[in-house]
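Listed features, source Swiss-Prot:
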type	residues	note
BINDING	D21, L22, N23, R36, H59, L60, G61, R62, R113, R146	substrate binding site
BINDING	K197, E314, G340, G341, D342, T343	ATP binding site
Amino acid sequence: MTVLKMTDLDLQGKRVLIREDLNVPVKDGVVTSDARILAALPTIKLALEKGAAVMVCSHLGRPTEGEFSEENSLKPVAAYLSKALGREVPLVADYLDGVEVKAGDLVLFENVRFNKGEKKNADELAQKYAALCDVFVMDAFGTAHRAEGSTHGVAKFAKVATAGPLLAAELDALGKALKAPAKPMAAIVAGSKVSTKLDVLNSLSTVCDQLIVGGGIANTFLAAAGHPVGKSLYEPDLVETAKAIAAKVSVPLPVDVVVAKAFAEDAEATVKAIADVAADDMILDIGPKTAEQFAELLKTSKTILWNGPVGVFEFDQFGNGTKVLAKAIADSAAFSIAGGGDTLAAIDKYGVGADISYISTGGGAFLEFVEGKVLPAVAILEERAKA
C-alpha cells in the first residue's frame, strides 16, 4: 500500500488541513471518552512542531446535514484540546471561504457535517476544503470507509494529499495481521449475529489457523454442529453457512458454557457442559474449561486478531470468558491487533490495553479492511501517490 506520508514532508510555513476522527461521546457539554482525541494528538503536535499553520476538522454525531445543532458542535472538543495542549484552540464556524492561520497557529473547524454536500461527497464542497490548504492530511481511519467531502473529495483536489501518522500506523498494523501474518494465526470474532460478520468470517477463514467464535455467532456454530442452544440467540437460516466456514478452517467450539434463564443484570449464572443446555437456557458466556482451552490456543499463536467479546461482559457473571481471553492475549508474545467498539470497552474494563500490540481506532473501517474491502479514503491517497 503506497501512500504519501505526512511524516516525510517539509511542512514549514505550509497551510495543513488535518482530517481527524474526533467523533467522541459528549454529555452536558463535556467529553466523556477521550480515546479518539488522545489518538489524534501526536499528529497535531507533529504538524505544529514542523512549523505548519494547522487546521483540524472532524464530524461529530449525526446532525441534519447543512444545519448547525448545538448538541453536535465541536465546542467541547475545542475545550478539551485547549486544555490538553496548554494553548487556546479556537473553534472556527465560518471557514469555507478562507481563514487566516499563521505558521505555528492551530484552529479547529466546526463539524464538517454542518456543511451541505459533506456526506454526498460534493465536488463543490471538496474544492472549498482543498483551497484552504497546501497539504491535506487524512488521519481519520475510523471514517476511511466513507467517501465524504472531508475524507475523500478533498484528497482529490488538494495540492498534496497524504496519510497522517495514525492512519499510516493503522494500515501498517492491519497489513501485518492480514497480508502476511506470522503463523500460526488465531482470530476471535464474536458478536450477536453471523449475518453482520459473515464477510469477516469468510475473509479470516482464508488466512487464520484457528477461528474462535463467541456470542450469538458461536451459538449458530454450535447449532450447526448439532449441539443444543436452548433459547439462545442464533440464526437457524445460517447454520449451513456456519458448516461451510467450519469446513475451511478450524473453529474450536465451547465444551462448557455459562447459561441463565433470562438476559438480565441480576440473572443467575450457571456453568453447564454443552450437552446439558436445557430448552429454556440462554447461553451468555463461554465456560471456564473452554476459556482455558482457548487461552492455550492463543498462547501458541504468533498473530492474534480480536473483534468482539465472547460473552455478555457488561454483566460480571457473564464476563469471565472475555476476561480470560483478554488476559491471554495480553500475556501472549504474538503480534495482536484488536478493534471494534465492544472490544475496546472490554480492553478498558480488564486493563489490558498496554499489552496489546495495536488497538484500532476504527469500528466500521476496521471490519471493512478485515473483509478485504477497499477503503475509499485510502484508495484516493494511493491514486494521488501514483500521480
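Numbering starts at 1 and runs along the chain as it is shown here.
Yeah, the Cβs are placed from backbone N, Cα and C, and that goes for glycine too.
Where Swiss-Prot records a feature, it is marked here on the structure.
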residue	record	Cβ within 10 Å
D21	substrate binding site	24
N23	substrate binding site	20
H59	substrate binding site	26
G61	substrate binding site	15
R113	substrate binding site	24
K197	ATP binding site	25
E314	ATP binding site	14
G340	ATP binding site	24
G341	ATP binding site	11
D342	ATP binding site	18
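Annotation for T343 (ATP binding site): spatial neighbours W306, N307, G308, P309, criterion Cβ-Cβ under 8 Å with sequence separation of six or more. For G341 (ATP binding site), the spatially nearest entry among the binding-site residues N23, H59, G61, R113 is N23, judged by CA separation. Note: the Cα of D342 (ATP binding site) and the Cα of D21 (substrate binding site) are spaced 18 Å from each other. A distance of 24 Å separates the Cα atom of K197 (ATP binding site) from that of G61 (substrate binding site). N23 (substrate binding site) sits 23 Å from E314 (ATP binding site), taking the CA atoms of both as reference points.
Here the C-alpha separation of D21 (substrate binding site) and G340 (ATP binding site) works out to 15 Å. For G61 (substrate binding site) paired with G340 (ATP binding site), the C-alpha to C-alpha distance reads 18 Å. Among the residues K197, E314, G340, G341, D342, T343 said to bind ATP, no two Cα atoms are farther apart than 21 Å. The two recorded residues, G340 (ATP binding site) and H59 (substrate binding site), show a Cα separation of 19 Å.
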